[in-house]
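Participant: Here you go, one structure.
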């Protein structure tokens, strides 16, 4: 089941089994004491006791204790039990979202009907439900509903190592405290956890069990464990009773109630390399205490024959950003290349007991082991310092990627194959390079923190970084796509560009800047179809793009003539797609890291402004959302909707925290005061309301406009408020008293838009009335108009000042954004690229970027300095869409929006016949070569074949998409559309249709031949398979297709392709 597959992050049952096997098995005698413990019994039996917190120092056996509790509770058939083991070294096992996914997964495995709670949200979002910024919010709603199910009356939920939950642990505690009262929780943690300890100590209905407070009990449990481990040693090595007693006595007298200490010592004693006669000597060399034991282990490693190798391995394990596999380790340590995997496992075994190997992945045996190496032994494993270690990993990463990366690493061949249809080959050619692909720039950045260790050549022109990217950049992007991590590439290129500023080579800097533009523009399609890195991404990059020129030889040879694309990147950095309706408003967060957009589709979306990835979708309004704004701190969003409400949202959790009601009409605009304490809203009901953003109470309603209020804005100091109205005026109000201080008149139409300069001294206004295309700048103190700006070819939709107040940006229905000098009124730049009117525009906090939202359903991000787009987000009763002569010239056929086709006599002009039967307007009509038949295509996605003499419908075909054009082949035996071909030889003799109504005919099968356009207009296809992705601005509204394809686009572009008649070369 796909839903359960996407919910899966780990199977806690498998984690439990792995933990028990790693620790040598679960020994009942070492945990059975808990069953008789008073606090545990009270927790188990008292309905009011909801939470048991077990805490203790590292190595005290908390995890194995919980494994034992799980085993005991599973024996009680009436109970439903779910559990999760947090692990700091694994990202998916150290987040609150992962915890909930694991708990939900295990409950569904036990009671499959519970999946209905997940499906309620999964069916509309699929895997995005578990991956978006809203995942935590959605999962808490799902889990809370599930826990309230009457079938879950007796449930115990267990979370081990709560202190190792590094992401949203506070929110996880909130959920635990708020869960239904009949749900019992058991959690464990270390003793000293400042983030969670105080909250658990002060929680009500909570039993606390500190293992240090019952030291004698724990020591007895450890003694049971010691006897068990000694029995294993004696059995394996055949020691006599004297040695048994000596080992057991020493362990009991030095363990100090620490299971981990015993386990580590016994592991060392079980090493077959320990001579029998020296076993007692080795035993007595182990000091008491974990840190002392770790120190002893380090001394042993330093004095061993494999000291150098072990130190290198420990250094790598301590420095990497995620656990590495054996193959990845070999690639990062040059001296390990000569060893096979069995030999390498032995060397890892020589690393004391710091490391363990599970399914080919190297982990620290315990979090405390990694902490010891980093805090107390770093000088021993990396004497030259951690920055040097990072540089080593960076250098080796470049080397392994240079060796491993090539074009089409998985031998996919077909350029349009979807990432969802790709199966990882065995052996995986990326197995050794995976870690390097993800983290090479991170290690480079860490190494540069101490520039004395950074060879100057690496970041210079023709240095190692330059050479790698010049040869392998596209292969690296393909690898990231195959590994599902394209956003990692966006972040890496952004970080690398920052590193190079002022310190790297000029040509390298230009290349990296271009490479960042390349991945921003094409990362989405490369992520969905890896081999499009060599097709769509290159074809649709500017002709002077550094990346395109360097990799020109990678362009497909089967495209004989390529369309002419712009010389340089435009101001659009990225086009953000995802809304299902026009985008009305867009705004940057105060830190410039996020972008929020509001749409006709009644949703808000939050985007990562660096990667262009949609991180959250907020739903809750019942009408179009006109306006969205971040609070000054960036933690909240406010939205204004046609449904008459203002909603406030917590950006972190995605929760709607308040719905402000009181307006008598739709709300057009909303804005926070500079201090974030107040909120102002402007409405169709001709009023402005000021709200307390904390209490959500309306404390003032400003009246005075004679038309609806389109826009409202606070002055930078928050003392004044300006409003723009349909009545043609701007009013300035005292934001405290509500008094109207000035009314600004001068526009010839209603005033819809206003913006204060940052210093509050100037106010800009504009009207959306098409008669008044001016922008006026006013002295906010005197009310005098100082400048009138003209230049837009249609009404202005929105205005905003740059943060420094020196520039003004305007968005217009003429599809452009203009940037003006706010002092002189001079138009500094006109930004073109949208395919429809631009309705919203916003500067980033630093004034370097501009975001615009358009009726073409995209958001674009622009470089506000260069103006470059950096990313991309008659006779009929209706119009006549198509007309065609018959080959003999005697007749004319016309297709119309009125859903009919008419046949006319070209000599007399008489209408000879009207063909009816389509369910929508008819787009295209064509005669067969012999003039005997007629074909028509409609927006109902149906094509019909008609007898041109009898005007009977001969056949109906399902096209699957709206066809702009249809045509017969030269023989008249096939009907061709943009994306499918129909064999007309399958049609029965026309006489059999003489009396059959067109609506009763069953559709005929189709086949895909040659080149075409996909149903969604996003791909050029070949034989029905996706071949070349079309970016948003190049998607056709009209097309003409053969071995050459012409595409006419809403952006104004006409693209011409000429393809090889033999089809694409797919290898």
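Here the Cβ of each residue, glycine as well, is placed from N, Cα and C on the backbone.
Where the annotation comes from TrEMBL, it is an automatic prediction and has not been curated.
Here's the feature list from TrEMBL:
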DOMAIN    50-190  domain 'NACHT'
REPEAT    576-617  repeat 'WD'
REPEAT    618-659  repeat 'WD'
REPEAT    660-701  repeat 'WD'
REPEAT    702-743  repeat 'WD'
REPEAT    744-788  repeat 'WD'
REPEAT    789-830  repeat 'WD'
REPEAT    831-872  repeat 'WD'
REPEAT    873-914  repeat 'WD'
REPEAT    915-956  repeat 'WD'
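Can you walk me through where each of these features ends up in the structure?
Facilitator: Secondary structure of the domain 'NACHT' (50-190) per DSSP (helix as H, G, I; strand as E, B; remaining residues coil): 75 helix, 26 strand, 40 coil.
Per-residue confidence over the repeat 'WD' (576-617) averages out at a pLDDT of 88.
Each residue of the repeat 'WD' (618-659) gets a DSSP state, and the totals for helix, strand and coil are 0 helix, 23 strand, 19 coil.
Counting only same-chain residues 6+ beyond the ends of the repeat 'WD' (660-701), those with a CB under 8 A from a CB of the stretch are 623, 626-633, 636, 638-648, 707-714, 716-718, 721, 723-725, 733, 735, 738.
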Participant: When DSSP states are grouped into helix, strand and coil, how many residues of the repeat 'WD' (660-701) land in each?
Facilitator: 0 helix, 22 strand, 20 coil
Participant: Tell me the residue counts in helix, strand and coil for the repeat 'WD' (915-956), as DSSP assigns them.
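Facilitator: Residue counts for the repeat 'WD' (915-956) by secondary structure: 0 helix, 24 strand, 18 coil.
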